[in-house]
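Asker: I am attaching a structure below and will ask some questions about it afterwards.
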Amino acid sequence: MLLLARAPKAWHRLFQLKPLALPGTPGGKAQHVRYQLFSTPSPAETGRQGQPQGPGLRTRLLVTALIGAGLGGAWLAVRAEKERWQQQQRTEALRQAAVGQGDFSLLDHRGQVRCKADFRGQWVLLYFGFTHCPDICPDELEKLVQVVRQLEAEPGLPPVQPLFITVDPERDTVAAMARYVQDFHPRLLGLTGSAEQIAQVSRSYRVYYSAGPKDEDQDYIVDHSIAIYLLSPDGLFTDYYSRARSAEQISDSVRRHMAAFRSVLC
Amino acid sequence: MDLSPLGMAAPSMKERQACWGARDEYWKCLDENTEDASKCKKLRSSFESSCPQQWIKYFDKRRDYLKFKEKFEAGDFQPSKMTAKS
């Protein structure tokens, strides 16, 4: 009730703010208005209102707060709408990426052709290496299958598909891959292909590799980037793990991704 | 190790582990003898017969790097006089 009585007068005071916005009068009128708004009411004003200073100030503050709240609410609503739109765009981009990007056509260690779509619906832990690798690849693969075993032991978690793709297609034939993967895990799938196919899949996953000089035995070491990649059931790159990460840390991370996963493909 | 047209086949898991074992024995000897390779000749030849030549070169380089890293982290490494002047 009080507010309704005060409101017109308070709005009247707000309209007096307008001259402040104009660059015209530096001194004079603008100053006068500002002074009027923030100072104690002059005797003439007090006379007009017939009220002491207190309620007048409270009214002003209340109206300012209400306007502030209104603006704040509007801003939040607009921001929420913008975030919703951005999320839609992101989901659409991911959907397109899931279908198009990172596709490959390689031979597994049993001689069967495999492409990315074959692994849709499964979580994949992927490692790029070569069978003639002195120590890093066996260590990383051992760590990878340890993660797979740890997660296998947990009820309610989907099985993770371990994949090993060679960066040495010249030597790593289907037979060589078969000999190699058997030492690690029964479900570890080795993938190989032609030099072009391997170059293509390495490009898709941003894997660097470079064969070193050959020695008298025609042996050589392939320098390559070292990382274990996690692919979601949509076939999208989700995370990567460097040499420094332990099997436990990787298992924890995979578990978290599994819990948070929402498919973008129908 | 059977010979394929492209050279030797990759070492199996057992062969890898034999190689790593021989390497570790050799490196332990070097640790105990302050890098004096003449005291570890027998282990060196055992290492060389257990591993492919490429791996021996690779592990030797790795050993050099690890030793350098140790020195560097201990603060023993001093820049040469040449670099200080240039």
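The first residue you see is number 1, and the count goes up from there.
Cβ from N, Cα, C; glycine included.
According to TrEMBL, the protein carries these features:
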type     : residues                     : note
BINDING  : A:Cys133, A:Cys137, A:His224 : Cu cation binding site
DISULFID : A:Cys133-A:Cys137            : disulfide bond
DOMAIN   : A:85-259                     : domain 'Thioredoxin'
Asker: Using the CB centroid of A:Cys133, A:Cys137, A:His224 as the Cu cation site centre, which other residues of the same chain sit with their CB within 8 A?
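Answerer: Those within range, site residues removed, are A:Phe128, A:Gly129, A:Phe130, A:Ile136, A:Glu140, A:Val167, A:Val222, A:Ile226.
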Asker: Translate the DSSP assignment of A:Cys137 (Cu cation binding site) into the three-state scheme.
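Answerer: In the DSSP reduction, A:Cys137 (Cu cation binding site) maps to helix.
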Asker: Over all shown protein chains, what is the count of other CB atoms within 10 A of the CB belonging to A:His224 (Cu cation binding site)?
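Answerer: There are 21 of them.
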